[in-house]
Amino acid sequence: MKLTCMMIVAVLFLTAWTFVTAVPHSSNALENLYLKAHHEMNNPEDSELNKRCYDSGTSCNTGNQCCSGWCIFVCL
């Protein structure tokens, strides 16, 4: 009986601890999404959705041009 009560208290404590530590990270999540979406509406050229990348086999200069991120004279 005591072990069961201790287990229940431990689970409740860990659940509460999870919620307490998660609040600062999730409280601004919607606000950050709104600000990012608002910025992308004001600057559509800077939107991540407009970024182009090269398919494999296409010549490249740097890895950030390739969709895979790997560039050795051609996108891998």
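Note that Cβ sites are derived from N, Cα and C of the backbone, with glycine treated the same way.
Marked as disulfide bond by Swiss-Prot on the basis of similarity to another entry: Cys53-Cys67, Cys60-Cys71, Cys66-Cys75. Residues or ranges marked as signal peptide by Swiss-Prot: 1-22.
Feature map: annotations from Swiss-Prot on the structure.
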| residue | record | CB count, 10 Å |
| --- | --- | --- |
| Cys53 | disulfide bond | 13 |
| Cys60 | disulfide bond | 19 |
| Cys66 | disulfide bond | 20 |
| Cys67 | disulfide bond | 14 |
| Cys71 | disulfide bond | 18 |
| Cys75 | disulfide bond | 20 |
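Between Cys67 (disulfide bond) and Cys75 (disulfide bond), the C-alpha separation comes to 8 Å. Checked against Cys53 (disulfide bond), the disulfide-bonded residues Cys60, Cys66, Cys71, Cys75 differ in C-alpha distance, with Cys66 being the nearest. Here the C-alpha separation of Cys60 (disulfide bond) and Cys75 (disulfide bond) works out to 6 Å.
The DSSP secondary structure for Cys75 (disulfide bond) is strand.
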